[in-house]
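The following features are taken from Swiss-Prot:
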{"type": "BINDING", "residues": "14, 16, 100, 248", "note": "Zn(2+) 1 binding site"}
{"type": "BINDING", "residues": "16, 17, 18, 42, 137, 220, 252, 264", "note": "substrate binding site"}
{"type": "BINDING", "residues": "100, 137, 175", "note": "Zn(2+) 2 binding site"}
{"type": "MOD_RES", "residues": "100", "note": "N6-carboxylysine"}
{"type": "ACT_SITE", "residues": "248", "note": "active site"}
């Protein structure tokens, strides 16, 4: 019998499910193994109101396979003009789980994001007062800052001062990519956590150029030097409850990736848990996978852990070149663990 690991069913604390036809193509892969997911609001137009979030949630549920137990956790897209009252209403009514801060033009569909943190001071104070978490894409967008330094600069220029002004605000530093981010989160005593993606644990910036330009490895924040990847692996597998799973699975049509100006995003949902399992096995930390994938996130958000389980088995699984017409992370590779029941 193959070696097995049974854990509390996991959640994905950062995913892009898109909308319309793309939503129909991808949502089943997230719902396959994650019971809940924090859904990003950067649609066109973005999800900026309670009514828009409620409508989007309904579309997600309609697109889910019949009989699948999956709960989308909705987020509000913050702008310079976000209304604190609308945010509070959505949070109190259980429509919003959190609010998302995109610095304007930092990533896909972020043009309507926040241009200056001073513009949303009232919003952040209200969120702090009601216990509504703030999710941050932590990069500066200044033209004079190297793209590989944008996360580290964001910590120094913005995140430290934001947390000083709002010490009771719960903050998730999303999809961290650097040693500096690991150290900053690890030195914080409360109200700060971070999500880590499978691709930032698996590849470094050399991977984007291995044998040519690998557009399917282009994401934002971009993958970094090897020392940063190793720091992320240490954090993820450490058992530290401040770090938890967030895939940042971000699908794009092949025509949008394989072009002269390709889109940022890696579609990792189909084999996300298998990818994380490979990392934890390589780091001899399988005993910490349940915490990272299933327990730390709910604890930070003040939610109960799921009451069912999933089982991984040490049986090789071949990742296809295409999944529903999209290129998945690990395309053409073999992963050593698979989720039961397999796809």
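Just so it is clear, glycine is given a Cβ too, placed from its N, Cα and C backbone atoms.
Taking the features listed in Swiss-Prot, we show where each one sits on the structure.
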| residue | record | contacts (Cβ under 8 Å, 6+ apart) |
| --- | --- | --- |
| 14 | Zn(2+) 1 binding site | 38, 40, 135, 174, 175, 195, 197, 246, 247, 248 |
| 17 | substrate binding site | 23, 26, 27, 30, 37, 39, 40, 60, 72 |
| 100 | Zn(2+) 1 binding site | 40, 41, 42, 75, 76, 77, 78, 135, 136, 137 |
| 252 | substrate binding site | 263, 265, 267, 326 |
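When the Cα atoms are compared, residue 264 (substrate binding site) and residue 16 (Zn(2+) 1 binding site) turn out to be 12 Å apart. Sequence-distant neighbours of residue 18 (substrate binding site) (same chain, six or more apart, CB under 8 Å from its CB) are 26, 43, 251, listed in sequence order. Residue 16 (Zn(2+) 1 binding site) and residue 220 (substrate binding site) have their C-alpha atoms 13 Å apart, to the nearest angstrom. When the neighbouring Cβ atoms lying within 10 Å are counted for each of the binding-site residues (220, 264), the highest count belongs to 220. Sparsest Cβ environment among the binding-site residues 16, 137, 175 (other Cβ atoms counted within 10 Å): 137.
The binding residues for substrate are recorded as 16, 17, 18, 42, 137, 220, 252, 264; their greatest pairwise CA distance is 19 Å. With all protein chains in the displayed structure included, the most crowded Cβ environment within 10 Å among the binding-site residues 42, 248 is that of 248. Residues 100, 137, 175 make up the record's Zn(2+) 2 site, and a Cβ search at 8 Å around their centroid adds 14, 40, 101, 102, 107, 135, 136, 138, 174, 248 from the same chain. Take the mean position of the Cβ atoms of 14, 16, 100, 248, the recorded Zn(2+) 1 site; other residues of that chain with a Cβ within 8 Å of it are 15, 38, 39, 40, 42, 135, 174, 175, 246, 250.
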